[in-house]
Every structure is written in structure tokens, then in C-alpha cells.
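As recorded in TrEMBL, the features of this protein are as follows:
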DOMAIN    39-285  domain 'G-protein coupled receptors family 1 profile'
TRANSMEM  26-48  transmembrane segment
TRANSMEM  100-118  transmembrane segment
TRANSMEM  139-162  transmembrane segment
TRANSMEM  191-223  transmembrane segment
TRANSMEM  235-257  transmembrane segment
TRANSMEM  269-287  transmembrane segment
Amino acid sequence: MANTHNVTEFIFLGLSSNPEVQKVCFVMFLLLYTAIVLGNFLIVLTVISSRSLGSPMYFFLSYLSFAEICYSSTTAPRLISDLLAERKAIPLWGCMSQVFFIHLFGGTEIFLLTVMAYDRYVAICKPLSYTTIISRQACALLVGAAWVGGFVHSLAQILLIFRLPFCGPNVIDHYFCDVLPLLKLACSDTVLIGLLIVANGGTLSVISFVVLLASYVVILLHLRTRSSAGQRKALSTCGAHVTVVTLFFGPCIFIYLRPSTTLSVDKTVAVFYTVITPLLNPVIYSLRNAEVKKAMRRLWVRAMKLEER
């Protein structure tokens, strides 16, 4: 690696070069990141402490929220600190680490969303077999498989990028390290590697998205035989998941399922899937789910009673 990499660090251009805009963005993203951590941590804490949220659906939701915290933490703290820094530099090893963890947590989130869709399919279409199919052991295996899948996806991405020679320039027109901006800086032919990256990241997103859509089409067809009350309850539960899936997969497919080029709009899209979507996850699930709201209120009451003591 030392013989082929003259570059030892990369310089981010960030979101803006205007000092006043940077100050506004610093306050805004600091508040957003704080809300992401607190909101998703609240969901994890609520699920863990509430007996009423003991079903597999909420078990998967807690791990999704944990993955959201980890995912946003790979980019948001760096973005926030760089908004006040004159020189936005990151070491080569730090850049590679960021690529690895972004795709580790992002890939895990994709698989967790797919697992949650499977859970809803079994719960609605095969209710009598639900407790047998989605047992505690099955839940643990599915979550473990999601993390393993995210690791394999991330390992494939980092191995493709790690082998590239970087001889200069070292300026990245972005606010974090990712595969497409790095391909642009490599001093070698990256056509084949670019295709492999699209095949890995883009195809994974599309296949998962199609599987998710297909599962919900089956669910909707099955709901035609249910009563109106049963339809409303099932649609309320699935609606939150469909919303999160659409908000997450849309930007990912736009970024990773295209030729290995960078566009001016990429940074805006990246802000959406690294900051906005993790923030919307707790909002969507708490506002659209009566059981989660009740459990949060009970948790708040218990916390207030403990504080009074």
C-alpha cells in the first residue's frame, strides 16, 4: 500500500465554503444529530423497558433504531466539527474506516428493514403460525444474519476501494468519505471497480426494495379478506414501515445504482439519507404507533416518579 499511495490524507470541501452558512449549518446539524441520538435511544429504551412491546416487531425496531444511531454517527459528528474547522482533513486510514462503517451500518439497516417486512408478512398472512415461525430464537438469528449481511457488504466495498492507488489530488468534494468520490480521485482505471461497486451497493438496494414492495403487495392482497377494523390496524402498522423504507431506499438507489460518477446534487441527497432519514425513523414510528406512544408515556411517568423520590 505504501508503494502505491502517495496520498496520506484527504481534504473535504464540505457542504459550503461560506463562513456564515457554515455557522448556521453547525447549529442546525448539531440539533438534528442530538435529536437523532435521543429519539432513537428513546425507542430502544422504551422497547427494552416495556412489557407491552415484547413482540418481535418491536424487537426488530429496537435494533433498527440502534443501527440508525450508529449509521448517523459515522458521518454527522465529523460533519459538525468540520463546519467550524478551517482545514477539513482526514487521514487515509480514517477515510477507509469511515467507508467501512457507513456501509456496515447502512447494509445492516437494509437487511433489518427486509426482516421487518418478513415479520409483518408472517403476522398478517400466517397469524396462526406466527409464534412458531417468528420465535425468539428465529428473531435472534434474523438480527444476527442482518449484521453479518451488512458486514459482508461493507467488506466487499472496502476491499474494492482499499486496493486503489491514490497519487493525488486529494480533495474530496463531499463532507464524508464514500466509494464514488474516492473512485474519482484514484489514479488508475476504475471502470471495472465502479461496475462491481454498483453491482454490490446498487443491486443490493434494488433487490431488497423489490422484495419489500412484493411483500407488501402480498399483504395488501391478503387484507382484502379481513374486516375493516383488522385492515386499519394492519395498514397502520405497515404504513410506518413502508414510509421508512421509501425514505431510506429512494436516495440510496439514486446514489449507488448509476455509473461511477459524482453529481452536484449528491451532497444534498447524502444529507437526506445520513441525517434526515435517521431522524424521521423515531418520529414516524412513535407518531403512527399507538402502542409505542403509550409505552413512552408510561416510561415518562415512571421516570418522573423516580425523580420525585
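Note: Cβ is positioned from N, Cα and C throughout, glycine not excepted.
Automated prediction, rather than curation, is the source of TrEMBL annotations.
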Report task. Any chance you could find the range in 26-48, 100-118, 191-223 with the most Cβ pairs under 8 Å to the transmembrane segment (269-287)? Result -> 26-48
Query - Chain residues outside the transmembrane segment (100-118) and at least six past its termini with a C-beta under 8 angstroms from it - result: 57, 60-61, 63-64, 67-68, 70-71, 74-75, 142-143, 145-147, 149-155, 157-158, 176-179, 201, 204-205, 208, 211-212, 215-216, 241, 244-245, 248-249, 252, 274
